[in-house]
Amino acid sequence: MEAKNTESSVYCVENGNGNVACPVLHKGSNNTQTPTFTYKTISTRAIALIVIFILLILAGGSALAWYFLEYRVWVLEARLEQQYIGQISILNRNFTTALSAHTSRMFQEESRTMEAVLKKLLKFSEVSRYFNSTTVFAFSEGSIVAHFWLILSLPESHAGKVTLQKVNESLLGSLQSFSEKGVKDTVSLEGYLLHRSSFFISDCYRYQSVSGSDPVVLKGPNTQRSSCLWHLKAPEGSQLELRVEWLLPECRDRLAVYDSIAPADSTLITSLYGCSRHEQVVQVLSSADWMTVVWKQGQYNYKDPFSLSARAWPNKKYGLTLEFEGYELSRASYNYNCTQGRWLIQNRRMCGTRALQPYAERLYLHSFTTTISMTSEVVNGLCVSACDGISDCPNGLDERNCVCIAQYRCPGDSQCVDYYKLCDQHQDCSDGSDEKNCTMGVPCTDRTYVCADGTCLKKQNPACDFITDCPDASDEKNCDCGLRQFSTRVVGGVDATEGEWPWQASLQISGQHICGGVLISAQWVVSAAHCFNDERLYSPSIWTVYLGKLRLRTSAQTEEALRVTHIHLHQYYDDESHDYDLALLRLERRVSAGTLALPVCLPETTHQMEPGLLCWVTGWGALIEGGGVSNILQKVDVRLVSEEACVRSYGFVITPRMLCAGYRRGGKDACQGDSGGPLVCQEPSGRWFLAGSSFSAESCRQLFFDGLKRCVDLRSEEEMVRTLEEMMDDDVEILFFSNKRIKDAIKSIQDY
């Protein structure tokens, strides 16, 4: 092959080995040029050296990258530990007392299995490289709730990357990866059926070992978090004394103290709320060597609302106390005849006698066990006080045929009651006769009904009961509410009938049922604030309110559709705790008379709704998160639960503006209701009163009470709403006031 060299006009020749030779001209003596050939060889060895050099550079770069990104970070860099505490429900296991003891075989087996499950979840999570250890430290009721510690070990440079949100999302994602197709809320793993929605984890966790009688100051809560948990451990055979000192004059925080390692209803010692203004310093004593303290933040505050300190005491140092009601002990010689009981306490002989006041005998223990014995020569024959309201004799003879001097005599049991105890809203007579017919004027308190003329009544719930109690008859005014157009008895079942709940409202967007509501006057509807919390849902123009509706998918002549002109959310609404979850909707016009729609009655501030009262929840089953709804209006009967039982069940998530209703057993709950739907109760007069507006974010989840219904209590807002009809024609921004009287609210609106 020939190649022409254009610059020198010579030809180059390629030999068979791939080398190229070009002629080079050499000058002779006679100035003639003789061409000779010289080969310029490009060696393959040089190419190999270049490639090796490049590979060495790449290898060196990789080594440096590995050193700075891996070895230096994961081997040489100092480590930080992040502690978490969490829990999850196991649905296919039942709690037994054996799971309460760490030394039991059942606890050890279940804890080992659960720890293996947690390690497997962490292995397939995004935080697997940081995993250090996990320990299941307790089980509690609720099928079985497993409580665990989790420790992650992080390089210092990764401290800001591993957040609580990332850990929570990683573990939830790992749980989801093990779930079967089409199953959203349960995960089957290692023989356990785990409830995914019950999974909870928190990084605000404090562990403190308390070993002496000197107080140990505990680290305060992380105010950037909404809750925190402390575990306190004393030496075996000791008790813990917790001292709580509130540092702020007012707050909405809640502290729950438990007498065990796991927070359970059965071990709740006390629940403190709102900075305990009446008791600035509180001391709590455990019965054993573990104590758990749970804090729930009510509203954000950059200052610690309280300080905690703890110390340990030997059990026997506190001793024992024998408490008696109407009985006391006194020292007696051995030759004295004890006719009302002979006691032998720590080798001391004592006699018991009747007394008119409570009595306590303190025992200082010399050991961890003591024996107390009591003998009596007679079974009966004691001398007792007659007609003191206490039935001492088995046959009740001491309380029969009593004559009450300057006292009220109860018709049922002849008990004598002081006159000042009449109509004090506390039942002294067994038949409650001391609290009946309380219509005479009495001093006004926060529990008495106030008439328009300023007269106060002690009668319970006198408003709109068809009986005129106030001198000016104001208790029976504005009572066009709470009744149906025709007599309809509430029957059993799930489906409602036409006209059964005339105040029920359906709040819809583009024909889709979103939330429930309740008609409280001719032009105003109450619903839940969280239905409108999204900016896209706050515009009144997108909402239509349907009244008198029974079936969602069909229309009837007895129903009416009205547009919304104003939406007013409570200014203190908290979307996390659902506190003040209340909204008012103003309709474009008054409800027409030709429909079945009628308003429900609003309770007065002093309206009493006793625990156990049968009430009803209605709705089409719509939750703001989504999900299917029923075509026919649904109903479910529930009973009101006392505030104490509610707090024990929900702990720190219940605020004073909430009430609870439901059953301890499942099968009946608020899943038939809607977000913003009504909880109504019927008075003996036949009128229906609005007890609360439900928020359903948790209503279909089994938390503490199966089927427990949480509602926003309207009693603190009812006086405000009472004035709405007077302002229907005024384009006034509605303002809400907490704990304010009606005159103050009206004046504030007028000033506004």
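Cβ coordinates are placed from backbone N, Cα and C, and glycine is handled just like the others.
TrEMBL names the disulfide partner of Cys479 among Cys464, Cys470 as Cys464. Note: TrEMBL links Cys423 through a disulfide bond to Cys438 (candidates: Cys410, Cys416, Cys438). Out of Cys444, Cys470, the record in TrEMBL bonds Cys456 through a disulfide to Cys444. Separation of the C-alpha atoms of Cys423 (disulfide bond) and Cys444 (disulfide bond): 13 Å, rounded to the nearest whole number. Cys456 (disulfide bond) and Cys479 (disulfide bond) are 19 Å apart (CA-CA, integer value). Counting only the Cα atoms, the space from Cys464 (disulfide bond) to Cys438 (disulfide bond) is about 16 angstrom.
Reduced to three states, the DSSP call for Cys456 (disulfide bond) is strand. Listed in sequence order, Leu422, Cys423, Leu457, Lys458, Lys459, Gln460 are the same-chain residues six or more apart from Cys438 (disulfide bond) with CB atoms under 8 A from its CB. Of all Cβ atoms in the protein chains displayed, 23 besides its own lie within 10 Å of the Cβ of Cys464 (disulfide bond). The Cβ neighbour count for Cys479 (disulfide bond), using a 10 Å radius and every protein chain shown, is 15.
Packing around Cys444 (disulfide bond) is summarised by its Cβ count: 14 other Cβ atoms lie within 10 angstroms of its Cβ, all protein chains included.
Per-residue confidence over the domain 'Peptidase S1' (490-751) averages 71 (mean pLDDT, predicted model).
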